[in-house]
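Worksheet for the structure shown next.
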C-alpha cells in the first residue's frame, strides 16, 4: 500500500488497515520500526505523529504492519508512505554584492549586475523564480527570468536629481510563483559617476559692444568667463579655456589669458584715417574649449563638438569731430519777380569730414521775412534747395539777404544767401476813376471833351509815357475817342462823330465803354513779341439825352419770371424738428411771462386787512411810552367816525376806479352799484387813574418811502363800515 502525505500537514489519521480472521477472532495491530513518526491503534488506524518538512525530513517511509490473533498467529504487510513536497519556503538571494558603480551616459542594454536567487523547495533542480524591480525607476530594468539588471534609459549625472544625489536605490524582488507565491526583496544601490560629456556653453553666444573711435588702448571690453560654464559635476571635467581669437581687424584686440576670458582693446581706431579700413563693426570669434579630455559616446549623435564658438561684434561708434562746412562762404541767386511761388531758386551745400558722414540739416535762421510775410523763403532740410513762399516784388524790395545754417545735430555753421530780384513788367496800369457814368445831349458838338471827363493812370514799373488808350468794346459807330491816345498818363474823352438816330444809324441810347490802357507805348514792335505787356481797364457808362422832338426808338423788352418751389428733402429731417421745438420753447416763455405779469397785477390790488391786535399794541407803545404791555391794564376807548370819500380817480395800473378822502388820503375801491360812502377814521383814546385826557390819532396818508406801512394803513382805512354810525360808540378792552 502506498500513501502520500503533504508536508506541513498536522498530525492526523492517514490510513486504516483492514484485516480478516477466519475464526473471527479479535485481532491486534502493531507497527515496526518503532522509531518512525507514525503510530497505529489496536483497531488498525495509522496516525502521523509530527508535521513533516520535506526539505529536512526523509521523503519516504516504509512501515511493517503486523496483525496478530489471540492464539499468536500473525500476518505482516508493508505500507509505503511518501512525503509530498509543497511550496512552503521563501526563495533567497545568492548574490552578496549590494553596491554597483557605473559611469553616466551608458547606452541602453548595458549590464549593471546579475542578480541570482534560490528556492529551497526546488532541492537540486533549477529554480523557477521570477525577478522584478519594485521601486519606480526609469533608468534600469531586470530580466524577470534571469535576474540580469541592465540600463534602459539615459542616465545624466549632470541633470537633476542625479546632480545632487548620484545614488540610485533599487528594490529587487524574487518570487517563486508568477502570481501568488513566496517572495524575498533586496535593496541594491547604483552609484553614477560623472564623465566629461558636456562642452562649455556660453549664454549668450554672441556679444555686442560699442567703443568710441580714438579710444585709448587697454580699455576692457568684456569678460567672457562670466557668461560661460560647463555643467559637468566633477570639477576635473568642468574646466575650460579661451583660445583662437580671430576675425578681420582682430590685431586691435587681445585676450588677457586663456583662463580669464577678458577681452581688451590693444589698438587705436580712427575712422577718418585713410589708413584705417573704415569698418564700423568688427566681427571676432573666440573658441571655448574643455581642459579635460572629452569622453563622449559615439552612440549619442547630439554629442558632436568638444568646444563652443563665441561671436563678438564690436561697433566703433563715430565721434563727431568736425563741424559742417559750406562749399561757399556766401551764395547769390538772381530771380525774376514773377517767379511762381514754390519755385526753387538755388541750392546751398555743406560737407562734413566725419566718417561716416553725418546727416546735415539745413535751416534758415535769420532774415527771411519782410513787413508782410514772416518767411519769404523756405529751404529743404535735407537737400538744401531754396524755394520762395510768397510773390517777390521788385518795386518793394530789390534784394533779400538771409542766413542759412547747416547742422549735424551737434555742431553747426552758417552762410549768407543774397537773392537779387530782377525787374519784370508785372504791374498793371491803375487808372482813376475805374468806373464813371456820363450823360450827354444828342446834339453835342464833335470834338467836345465830354463833361470834361479825363482819366489819370499810374504804373509802378512803367514810365508815364508808356500808356496807350483804346476803347475795346461798346463803342458802336466809333462815336468816342481818347485824346491823347498814347504817350501820357492822362487822357480826355472826346466825341468823335455825331449821333444819327433819325436815319436809324444809331439805335443805342446807352453806351457801355470798356477802355483798355496798356503800358507798351515805348516798346518797339520787334520787342513786343517777347516783352510782357500789362493792361488796365476802365468802364464808362454814357447815356445820350434825346431832344424833345427826337423819336426814341426802343427795343421791345421781356420779363423773366422765376418760380421757386420748396420741396421736402429727407436729408433735412431736422428742420421741422427744430422749428417745432423752437415754437414750444417760445410758447412756454410767453406763458411764463404772462403768469409773472398776472402775479404783479394782483400784488398791486387792495391788501387784505391784517388780523390780530398788533397795531393796537404799537399805538399803545407810542402813546404811553411803555414797552411791556403785559403788566399794564388800561381801558381803551375806540371811537368810530364816519368819513366821507369826496373824490374818485382811476388806478393807472389796474384801470379800476377808487374813492379817496382829500384831507386824510384814505382810499377804497369803488363798486359800480355803490354810491359814495363815508370811510371810518379810527380814534384811540386811553384812560388811566392819573390821566383822564383823550387822544385822537388820525390815519396818516401812505408814505412813498415805506411801502409796507402804506399797505397796512391803506388796508385799515379802506375797510368799509358794516353800518353807518351817527354818534360815538365806546368799547372797553381789558389787556
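Backbone N, Cα and C define each Cβ position, glycine as well.
Residues annotated as domain 'Cadherin' in TrEMBL: 14-93 (among others). Confidence annotation: the domain 'Cadherin' (14-93) carries a mean pLDDT of 89 in the model.
According to TrEMBL, the feature domain 'Cadherin' maps to 94-202 (among others).
Annotation source TrEMBL lists domain 'Cadherin' at 203-326 (among others).
Per TrEMBL, domain 'Cadherin' is recorded for 327-435 (among others).
What TrEMBL lists as domain 'Cadherin' is 432-558 (among others).
Residues annotated as transmembrane segment in TrEMBL: 573-596. Outside the transmembrane segment (573-596) by six or more residues, the chain places nothing with a CB less than 8 A from a CB of the stretch.
Taken from TrEMBL, the feature region 'Disordered' covers 686-735.
TrEMBL lists 697-714 with the feature compositional bias 'Basic and acidic residues'.
What TrEMBL lists as compositional bias 'Polar residues' is 725-735.
Each residue in the domain 'Cadherin' (327-435) gets a DSSP state, and the totals come to 0 helix, 50 strand, 59 coil.
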